[in-house]
Amino acid sequence: MSFREEGGDARDLQKPFLHTGSWYKMGSRQSSIMGSSTQVIRDGAVSVLFCVLIVALGPIQFGFTCGYSSPTQGAIVRDLKLSVSEFSLFGSLSNVGAMVGAIASGQIAEYIGRKGSLMIAAIPNIIGWLSISFAKDSSFLFMGRLLEGFGVGIISYVVPVYIAEIAPQNMRGSLGSVNQLSVTIGILLAYLLGLFVNWRVLAILGVLPCTVLIPGLFFIPESPRWLAKMGMTDEFETSLQVLRGFDTDISVEVYEIKRSVASTGKRAAIRFADLKRKRYWFPLMIGIGLLVLQQLSGINGVLFYSTTIFANAGISSSDAATVGLGAIQVIATGISTWLVDKSGRRLLLIISSCIMTVSLVIVSTAFYLE
C-alpha cells in the first residue's frame with residue numbers, strides 16, 4: 001500500500017505543497033515517442049543544473065537584500081527624512097527577520113517540502129519589496145525589511161539543502177557552492193543597478209527574482225530524499241529518475257537513499273542533552289564556530305554600508321568602489337566553486353581566512369591613522 005493510501009487525513013497535510021508535476025512523468029513513459037525533443041532533459045547533469053538554476057533565484061534574492069541598503073542610503077534618508085539611527089535600524093531589521101525565518105525554516109521544510117518552503121519564502125519577499133518601494137514613512141520601510149529578512153532566512157536554509165539532496169555525489173561540492181555564488185551575484189546586481197535607478201525602482205526590481213522563482217518551482221521535481229523520508233515511494237523514484245535522466249538505471253541510488261533515510265530515522269531521537277557528550281563537541285564547535293566567526297568578521301556591516309565606508313575613507317568614486325567590491329566577491333566565489341572539489345574545503349577556508357584577516361587589519365589601520 002502506498003503512502004497516500006496509508007496516511008489518512010493527518011499525513012495528507014505532509015504531501016508536497018507543490019506536486020512534482022506530470023510533465024516529466026509523461027516523458028518518462030513516452031520517451032521513445034518524444035524523440036529528440038526530450039534529449040536534453042534526459043541528460044542527468046542538465047536536469048540537475050536546470051533545477052539548481054531555478055532555486056538559485058532564492059539566494060540571488062538574498063544577495064539583493066544584503067546589497068540594497070548600500071547604494072540607497074543617502075536617497076532614502078533624504079526622501080523620508082530619516083536619522084542615521086533609523087536607517088541603521090532599517091538595515092539591521094533584515095537580520096532580525098532572517099533569524100526568525102531561519103528558526104522556522106527547518107520545520108517548514110520538513111513539513112511541506114523544499115519546494116513548498118521556497119514558495120512560502122517568496123511571498124513575504126515580494127510583499128516586503130513592494131512595501132519598501134511604496135513607503136511614505138519609516139513604518140512601511142521597516143515592515144518591508146523585516147518581511148524580506150524572514151523570507152531570506154527560510155531561503156538560506158532550504159536552497160543549500162535542496163541542492164545537496166538532488167546533486168549527484170561527484171557534483172555535490174561545486175553545485176553546493178552555487179548557493180553562495182548566487183548570493184554574491186545578487187549583491188553585485190543591487191550595487192550595479194543602484195547606480196542607475198532610484199531606491200523605489202530598485203526595490204521594484206528586487207521583486208523579480210522571487211516573481212520568476214514561483215512559476216519556476218512548478219517545472220522542477222521535489223527533493224527525492226525528502227519524498228523518500230515522507231514515504232512517498234512512487235513520487236520519490238519518479239523525481240530521482242528525472243534528475244538522473246530517463247535512460248539511467250537508478251536502482252542502486254534508490255537503495256542507498258532508502259537505507260540512508262532509514263538510518264537517519266533511527267538516529268532522529270538525538271536530544272540536546274546528547275550534545276554534552278565529548279564526541280559531539282569538536283564537530284559542533286567547527287560547524288557553529290565557522291558560521292559565528294563569519295558573522296563576527298563584520299561582513300554584513302561592510303556589505304550593507306560599503307558606499308558610506310568608501311566615502312569616509314576618502315575615495316571620491318565610492319559608488320564605483322562598491323561595485324568593484326561586489327565584482328571581487330563574485331570572482332572569488334566563482335573561483336572557489338571551481339576549486340572546492342579539487343583542493344578541498346579546509347585549504348580554501350584557511351586561505352580565505354588569512355585574506356580576510358589581512359584585509360580587516362589594513363582597513364582598521366587606515367581608519368585609525370586617519
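Cβ coordinates are placed from backbone N, Cα and C, and glycine is handled just like the others.
Caution: TrEMBL annotation is automatic and unverified by curators.
According to TrEMBL, the protein carries these features:
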DOMAIN    51-370  domain 'Major facilitator superfamily (MFS) profile'
TRANSMEM  44-64  transmembrane segment
TRANSMEM  84-104  transmembrane segment
TRANSMEM  116-134  transmembrane segment
TRANSMEM  140-163  transmembrane segment
TRANSMEM  175-193  transmembrane segment
TRANSMEM  199-220  transmembrane segment
TRANSMEM  280-305  transmembrane segment
TRANSMEM  320-340  transmembrane segment
TRANSMEM  347-369  transmembrane segment
- Message: Counting CB pairs under 8 Å, which listed stretch among 116-134, 140-163, 199-220, 280-305, 320-340 touches the transmembrane segment (175-193) the most?
- Response: 320-340
- Most Cβ pairs under 8 Å with the transmembrane segment (84-104), selected from 116-134, 140-163, 280-305, 320-340, 347-369: 140-163
- In the predicted model, what is the mean pLDDT computed over the domain 'Major facilitator superfamily (MFS) profile' (51-370)? 88
